[in-house]
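Chemist: I grabbed these lines from TrEMBL:
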type: BINDING; residues: Glu52, Asp128, Glu131; note: Mg(2+) binding site
type: ACT_SITE; residues: Asp56; note: active site
type: ACT_SITE; residues: Glu131; note: active site
Amino acid sequence: MGAHGSRGRSRDHSALLTALGVELGAELLDLALTHRSYAYENGGLPPNERLEFLGDAVLGLVITDHLYRRHPDLPEGQLAKLRASVVNMHALAGVARELGEGGLGAHLLLGKGEELTGGRDKASILADGLEAVIGAVYLQHGVETARETVHRMFDGLLAEAPLRGAGLDWKTSLQELTAAAGLGVPEYRVAEEGPDHRKEFTATVVIGGQGMGTGVGRTKKEAEQRSAETAWRLLSEQLRVAAEEIGESQDAESTPAGNVGNSASEAG
(Lines of atoms letter the chains of each structure in order from A and count residues from 1; the text may use other names and numbers.)
(Lines give C-alpha, C1' and ligand atoms only; values in the text may rest on other atoms or scores of the structure.)
Protein backbone atom coordinates (compact mmCIF):
# COMPACT_ATOMS: atom_id res chain seq x y z
CA MET A 1 0.00 0.00 0.00
CA GLY A 2 3.04 2.25 0.17
CA ALA A 3 2.93 3.27 -3.49
CA HIS A 4 -0.72 4.03 -3.15
CA GLY A 5 -0.23 6.17 -0.08
CA SER A 6 2.71 8.13 -1.46
CA ARG A 7 0.90 8.84 -4.73
CA GLY A 8 -2.16 10.16 -2.88
CA ARG A 9 -0.23 12.27 -0.39
CA SER A 10 1.68 13.99 -3.20
CA ARG A 11 -1.58 15.68 -4.17
CA ASP A 12 -3.07 18.60 -2.24
CA HIS A 13 -6.47 17.58 -0.90
CA SER A 14 -6.87 20.56 1.46
CA ALA A 15 -9.66 22.13 -0.63
CA LEU A 16 -11.58 18.85 -0.56
CA LEU A 17 -11.17 18.41 3.19
CA THR A 18 -12.22 22.02 3.79
CA ALA A 19 -15.35 21.47 1.72
CA LEU A 20 -16.10 18.28 3.64
CA GLY A 21 -15.56 20.04 6.95
CA VAL A 22 -13.71 17.07 8.46
CA GLU A 23 -10.17 15.71 8.60
CA LEU A 24 -9.36 12.30 7.16
CA GLY A 25 -6.22 10.26 7.60
CA ALA A 26 -4.04 10.30 4.48
CA GLU A 27 -4.18 6.54 3.93
CA LEU A 28 -7.96 6.37 4.33
CA LEU A 29 -8.49 9.38 2.08
CA ASP A 30 -6.19 7.87 -0.56
CA LEU A 31 -8.24 4.69 -0.50
CA ALA A 32 -11.51 6.61 -0.86
CA LEU A 33 -10.15 8.40 -3.92
CA THR A 34 -8.70 5.33 -5.67
CA HIS A 35 -10.78 4.29 -8.66
CA ARG A 36 -10.46 0.66 -9.72
CA SER A 37 -8.81 1.70 -13.01
CA TYR A 38 -5.91 3.28 -11.10
CA ALA A 39 -5.71 0.33 -8.71
CA TYR A 40 -5.49 -2.12 -11.61
CA GLU A 41 -2.79 -0.14 -13.41
CA ASN A 42 -0.70 0.07 -10.24
CA GLY A 43 -0.29 -3.55 -9.33
CA GLY A 44 -3.67 -4.40 -7.91
CA LEU A 45 -3.91 -1.77 -5.16
CA PRO A 46 -7.13 -1.77 -3.12
CA PRO A 47 -9.82 0.30 -4.91
CA ASN A 48 -12.48 2.40 -3.20
CA GLU A 49 -15.31 -0.04 -3.90
CA ARG A 50 -15.65 -1.41 -0.35
CA LEU A 51 -15.74 2.13 1.03
CA GLU A 52 -18.31 3.03 -1.61
CA PHE A 53 -20.45 0.07 -0.53
CA LEU A 54 -20.29 1.30 3.06
CA GLY A 55 -20.87 4.95 2.14
CA ASP A 56 -23.92 4.06 0.07
CA ALA A 57 -25.51 2.50 3.16
CA VAL A 58 -24.56 5.45 5.39
CA LEU A 59 -25.92 7.98 2.89
CA GLY A 60 -29.13 6.01 2.48
CA LEU A 61 -29.64 5.83 6.25
CA VAL A 62 -29.05 9.55 6.82
CA ILE A 63 -31.34 10.65 3.98
CA THR A 64 -34.05 8.12 4.84
CA ASP A 65 -33.98 9.07 8.53
CA HIS A 66 -34.29 12.78 7.65
CA LEU A 67 -37.22 12.22 5.30
CA TYR A 68 -38.99 9.92 7.78
CA ARG A 69 -38.82 12.55 10.51
CA ARG A 70 -39.43 15.56 8.24
CA HIS A 71 -42.54 14.12 6.57
CA PRO A 72 -44.44 12.15 9.26
CA ASP A 73 -47.65 11.94 7.22
CA LEU A 74 -46.23 10.65 3.94
CA PRO A 75 -46.71 6.96 3.03
CA GLU A 76 -43.78 4.72 2.20
CA GLY A 77 -44.21 5.10 -1.54
CA GLN A 78 -43.95 8.89 -1.41
CA LEU A 79 -40.96 8.74 0.92
CA ALA A 80 -39.25 6.41 -1.53
CA LYS A 81 -39.83 8.92 -4.34
CA LEU A 82 -38.37 11.74 -2.27
CA ARG A 83 -35.32 9.65 -1.41
CA ALA A 84 -34.81 8.66 -5.04
CA SER A 85 -34.88 12.34 -6.04
CA VAL A 86 -31.88 12.94 -3.75
CA VAL A 87 -29.98 9.64 -3.81
CA ASN A 88 -29.32 8.94 -7.47
CA MET A 89 -26.24 8.95 -9.65
CA HIS A 90 -26.79 12.36 -11.22
CA ALA A 91 -27.67 14.10 -7.96
CA LEU A 92 -24.59 12.63 -6.26
CA ALA A 93 -22.40 13.66 -9.18
CA GLY A 94 -23.74 17.19 -8.90
CA VAL A 95 -22.84 17.32 -5.21
CA ALA A 96 -19.38 15.89 -5.98
CA ARG A 97 -18.73 18.61 -8.56
CA GLU A 98 -19.32 21.29 -5.91
CA LEU A 99 -16.85 19.88 -3.37
CA GLY A 100 -14.10 22.48 -3.23
CA GLU A 101 -12.19 24.04 -6.09
CA GLY A 102 -12.31 21.69 -9.06
CA GLY A 103 -14.77 19.39 -7.30
CA LEU A 104 -14.17 15.82 -6.17
CA GLY A 105 -13.06 14.82 -9.67
CA ALA A 106 -9.85 16.83 -9.36
CA HIS A 107 -8.77 14.62 -6.44
CA LEU A 108 -9.59 11.17 -7.80
CA LEU A 109 -6.86 8.67 -8.66
CA LEU A 110 -7.75 7.38 -12.11
CA GLY A 111 -6.15 5.04 -14.59
CA LYS A 112 -4.81 6.45 -17.85
CA GLY A 113 -7.76 5.19 -19.86
CA GLU A 114 -10.35 6.83 -17.62
CA GLU A 115 -8.27 10.00 -17.53
CA LEU A 116 -8.23 10.21 -21.33
CA THR A 117 -11.97 9.60 -21.67
CA GLY A 118 -13.08 12.31 -19.25
CA GLY A 119 -13.41 10.12 -16.18
CA ARG A 120 -12.96 13.05 -13.79
CA ASP A 121 -16.37 14.37 -14.80
CA LYS A 122 -18.13 11.05 -15.42
CA ALA A 123 -21.29 10.92 -13.31
CA SER A 124 -20.93 7.29 -12.26
CA ILE A 125 -17.31 7.75 -11.13
CA LEU A 126 -18.10 10.94 -9.22
CA ALA A 127 -21.11 9.36 -7.50
CA ASP A 128 -19.10 6.29 -6.51
CA GLY A 129 -16.24 8.45 -5.25
CA LEU A 130 -18.57 10.59 -3.17
CA GLU A 131 -20.04 7.52 -1.50
CA ALA A 132 -16.54 6.21 -0.80
CA VAL A 133 -15.62 9.51 0.88
CA ILE A 134 -18.79 9.33 2.99
CA GLY A 135 -17.80 5.79 3.96
CA ALA A 136 -14.35 7.04 4.98
CA VAL A 137 -15.86 9.81 7.13
CA TYR A 138 -18.05 7.22 8.86
CA LEU A 139 -15.12 4.86 9.49
CA GLN A 140 -12.91 7.54 11.03
CA HIS A 141 -15.45 9.69 12.85
CA GLY A 142 -18.60 7.63 13.39
CA VAL A 143 -22.23 7.99 12.42
CA GLU A 144 -22.95 11.43 13.91
CA THR A 145 -20.10 13.16 12.11
CA ALA A 146 -21.03 11.30 8.94
CA ARG A 147 -24.61 12.52 9.39
CA GLU A 148 -23.45 16.13 9.77
CA THR A 149 -21.22 15.80 6.71
CA VAL A 150 -24.03 14.38 4.59
CA HIS A 151 -26.35 17.20 5.67
CA ARG A 152 -23.80 19.85 4.77
CA MET A 153 -23.58 18.40 1.29
CA PHE A 154 -27.21 17.43 0.72
CA ASP A 155 -29.41 19.91 2.60
CA GLY A 156 -29.95 21.90 -0.60
CA LEU A 157 -31.24 18.82 -2.40
CA LEU A 158 -33.31 17.78 0.61
CA ALA A 159 -35.03 21.17 0.62
CA GLU A 160 -35.97 20.62 -3.04
CA ALA A 161 -36.98 16.98 -2.54
CA PRO A 162 -40.77 17.53 -2.38
CA LEU A 163 -40.72 19.38 -5.70
CA ARG A 164 -38.21 17.00 -7.31
CA GLY A 165 -40.04 13.94 -6.03
CA ALA A 166 -43.40 15.14 -7.32
CA GLY A 167 -42.16 14.96 -10.90
CA LEU A 168 -40.11 11.83 -10.47
CA ASP A 169 -42.45 9.37 -12.20
CA TRP A 170 -41.62 10.57 -15.69
CA LYS A 171 -42.65 7.25 -17.28
CA THR A 172 -46.25 7.77 -16.20
CA SER A 173 -46.19 11.42 -17.27
CA LEU A 174 -44.79 10.47 -20.68
CA GLN A 175 -47.37 7.73 -21.21
CA GLU A 176 -50.17 10.17 -20.39
CA LEU A 177 -48.72 12.66 -22.88
CA THR A 178 -48.34 10.14 -25.71
CA ALA A 179 -51.86 8.82 -25.09
CA ALA A 180 -53.31 12.33 -25.28
CA ALA A 181 -51.40 12.94 -28.53
CA GLY A 182 -52.48 9.61 -30.04
CA LEU A 183 -48.89 8.33 -30.26
CA GLY A 184 -49.33 4.99 -28.55
CA VAL A 185 -47.38 3.51 -25.65
CA PRO A 186 -43.67 4.40 -25.25
CA GLU A 187 -41.23 1.53 -25.66
CA TYR A 188 -38.02 1.35 -23.60
CA ARG A 189 -34.85 -0.27 -24.90
CA VAL A 190 -32.17 -0.80 -22.27
CA ALA A 191 -28.50 -1.65 -22.70
CA GLU A 192 -26.16 -2.48 -19.84
CA GLU A 193 -22.42 -2.56 -19.40
CA GLY A 194 -19.97 -3.30 -16.64
CA PRO A 195 -19.60 -6.20 -14.17
CA ASP A 196 -22.55 -7.45 -12.15
CA HIS A 197 -21.63 -5.42 -9.07
CA ARG A 198 -21.03 -2.22 -11.04
CA LYS A 199 -23.50 -2.13 -13.92
CA GLU A 200 -24.44 1.04 -15.77
CA PHE A 201 -27.69 1.10 -17.73
CA THR A 202 -28.54 3.21 -20.78
CA ALA A 203 -32.22 3.45 -21.73
CA THR A 204 -33.68 4.81 -24.96
CA VAL A 205 -37.40 5.54 -25.18
CA VAL A 206 -39.00 4.95 -28.58
CA ILE A 207 -42.27 6.62 -29.54
CA GLY A 208 -43.90 5.79 -32.85
CA GLY A 209 -40.73 4.08 -34.03
CA GLN A 210 -38.57 7.13 -33.28
CA GLY A 211 -35.99 7.43 -30.50
CA MET A 212 -37.03 10.40 -28.37
CA GLY A 213 -34.78 10.35 -25.32
CA THR A 214 -31.83 8.62 -23.69
CA GLY A 215 -30.96 8.29 -20.01
CA VAL A 216 -28.18 6.69 -17.99
CA GLY A 217 -28.43 5.28 -14.47
CA ARG A 218 -27.12 2.75 -11.99
CA THR A 219 -30.36 0.82 -12.26
CA LYS A 220 -32.65 0.02 -15.16
CA LYS A 221 -35.43 1.98 -13.46
CA GLU A 222 -33.31 5.11 -13.04
CA ALA A 223 -32.15 4.98 -16.67
CA GLU A 224 -35.72 4.57 -17.92
CA GLN A 225 -36.96 7.45 -15.77
CA ARG A 226 -34.23 9.72 -17.09
CA SER A 227 -34.94 8.78 -20.70
CA ALA A 228 -38.65 9.37 -20.08
CA GLU A 229 -37.95 12.83 -18.65
CA THR A 230 -35.86 13.75 -21.70
CA ALA A 231 -38.55 12.46 -24.06
CA TRP A 232 -41.35 14.20 -22.13
CA ARG A 233 -39.60 17.56 -22.36
CA LEU A 234 -38.81 17.11 -26.06
CA LEU A 235 -42.27 15.88 -27.01
CA SER A 236 -43.99 18.59 -24.95
CA GLU A 237 -42.01 21.23 -26.82
CA GLN A 238 -42.77 19.63 -30.20
CA LEU A 239 -46.49 19.50 -29.44
CA ARG A 240 -46.45 23.11 -28.23
CA VAL A 241 -44.73 24.31 -31.42
CA ALA A 242 -47.11 22.26 -33.58
CA ALA A 243 -50.13 23.77 -31.81
CA GLU A 244 -48.78 27.28 -32.36
CA GLU A 245 -48.20 26.57 -36.05
CA ILE A 246 -51.74 25.27 -36.46
CA GLY A 247 -53.08 28.38 -34.73
CA GLU A 248 -51.04 30.67 -36.96
CA SER A 249 -52.17 28.77 -40.05
CA GLN A 250 -55.82 29.14 -39.08
CA ASP A 251 -55.33 32.85 -38.44
CA ALA A 252 -53.69 33.27 -41.85
CA GLU A 253 -56.57 31.49 -43.58
CA SER A 254 -59.22 33.60 -41.88
CA THR A 255 -57.56 36.99 -42.39
CA PRO A 256 -57.89 37.27 -46.22
CA ALA A 257 -61.58 36.41 -46.03
CA GLY A 258 -62.09 39.18 -43.55
CA ASN A 259 -60.21 41.65 -45.73
CA VAL A 260 -62.31 40.74 -48.79
CA GLY A 261 -65.47 41.27 -46.81
CA ASN A 262 -64.27 44.64 -45.61
CA SER A 263 -63.32 45.68 -49.16
CA ALA A 264 -66.72 44.68 -50.48
CA SER A 265 -68.57 46.63 -47.82
CA GLU A 266 -66.38 49.66 -48.45
CA ALA A 267 -67.07 49.46 -52.19
CA GLY A 268 -70.80 49.23 -51.56
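Each position is counted from 1, following the chain as shown.
Cβ atoms are placed via backbone N, Cα and C, with glycine included.
Each of these features: where is it, how hidden is it, and who are its neighbours?
Modeler: Applying an 8 A CB threshold to same-chain residues 6+ apart, the list for Glu131 (Mg(2+) binding site) reads Leu51, Glu52, Gly55, Asp56, Leu59, Leu92.
Asp56 (active site): 20 other CB atoms within 10 A of its CB, across all protein chains.
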Chemist: I'd like the Cβ neighbour count for Asp128 (Mg(2+) binding site), meaning other Cβ atoms within 10 Å of its Cβ, all protein chains included.
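Modeler: Its Cβ has 28 other Cβ atoms within 10 Å.
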Chemist: State the count of C-beta atoms found within 10 angstroms of the C-beta of Glu52 (Mg(2+) binding site), not counting that atom itself.
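Modeler: Glu52 (Mg(2+) binding site): 23 neighbouring Cβ atoms within 10 Å.
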